[in-house]
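Visitor: Grabbed the feature section from TrEMBL, which reads as follows:
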DOMAIN    36-272  domain 'Nucleoside phosphorylase'
BINDING   SER42, HIS74, ARG95, THR96, HIS97, GLY127, SER215  phosphate binding site
BINDING   GLU196, ASN238  purine D-ribonucleoside binding site
Amino acid sequence: MSQLNPLDDPAADPFALAHTAADRIAELTGVARHDIALTLGSGWAHAADLIGDTTHTLSATEIPGFSQPALAGHLGTIRSILTPSGKRALVIGARTHYYEGHGVRRVVHSVRTAAAAGASTMILTNGAGGIMPHWTPGTPVLISDHINLTADSPLEGATFIDLTDLYSARLRAIARSVASDLDEGVYVQFRGPHYETPAEVQMAKTIGGHIVGMSTALEAIAARQCGMEILGMSLITNLAAGIQTTPLSHDEVVAIGKTAEPVIGALLARIVTVL
Ligand code: 8IG
């Protein structure tokens, strides 16, 4: 089931390919520049219907370097949306996860494409496990920082990038101006696709983590490299292994996402309106 992807050529320049992808988006949409970009993870897809008028829906397969998501429930589409405040939002529903094993270039291609399309703000959302026991499934939380446990990086060569204030305090404050009760926490990215053992969750807690997931951290690093300002949000769909006493089930995670979708979609739409 190999799929030809120009990013898989080691000689390819991933930034040049991101520009090619952005040019294709501009050509297909007729929109020369996008202002903000959103990656919608598990539970967040409905936000796309609420943040404005979708003027174009593209299939990920039309855009160089993108692949269809491996996961049912993740839409393989890229939308251009005109928000009520007149901004252009690029909504990426086609996330490639690190655990798919296609390499980190493919994981961060959507972020680099968004930057090449002009976006200066990157909103990264995901479904994740919660370590804080009071975060009942369905709770949205802001990401305040991350711990990257993938032992990988989207940066190649001796590229030293500062990650202080990676998840913009300014954007978190704006999010809280819309929903003052939004809690925040440190996101720990594991490789997956297995969920953690309870011992690994205890380790994540001990080293300062509050949220466990399988995306976002690598994407945030790439977004920072491109100079974007980042807002990260997790939907807690389950308590992490050992914090909840019942076994984790993907079906349950999807079901919680579906239930929470209208609420968190509306929340994200309100945040986008005031950005
Ligand atoms: I949804 O409990 C979701 N994604 N690593 N752990 C990790 N990723 C997740 C989890 C979880 N829940």
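Cβ atoms are placed via backbone N, Cα and C, with glycine included.
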Visitor: Within 10 Å of ASN238 (purine D-ribonucleoside binding site), Cα to Cα, which of the binding-site residues SER42, ARG95, THR96, HIS97, SER215 are there?
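Guide: Near ASN238 (purine D-ribonucleoside binding site) by Cα: none of them.
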Visitor: Kindly point out which of the binding-site residues ARG95, THR96, HIS97, SER215 have a C-beta less than 6 Å from some atom of ligand 1.
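Guide: None, by Cβ distance under 6 Å.
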Visitor: In whole Å, how far is GLU196 (purine D-ribonucleoside binding site) from ARG95 (phosphate binding site) when you measure between their Cα atoms?
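Guide: Each residue's Cα considered, ARG95 (phosphate binding site) and GLU196 (purine D-ribonucleoside binding site) end up 21 Å apart.
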Visitor: Considering the binding-site residues SER215, ASN238, which residue's Cβ sits among the greatest number of other Cβ atoms within 10 Å?
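Guide: Result for the most crowded candidate: SER215.
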Visitor: Mind checking which of SER42, THR96, HIS97 has the fewest other CB atoms within 10 A of its CB? They're the binding-site residues.
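Guide: Sparsest of the binding-site residues SER42, THR96, HIS97 by Cβ contacts within 10 Å: HIS97.
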Visitor: For the C-alpha pair, I'd like the distance in angstrom between HIS97 (phosphate binding site) and GLU196 (purine D-ribonucleoside binding site), rounded off.
Guide: 16
Visitor: Looking only at the domain 'Nucleoside phosphorylase' (36-272), what is the model's average confidence as pLDDT?
Guide: 94
Visitor: Cα distance, GLU196 (purine D-ribonucleoside binding site) to GLY127 (phosphate binding site), nearest Å?
Guide: 15
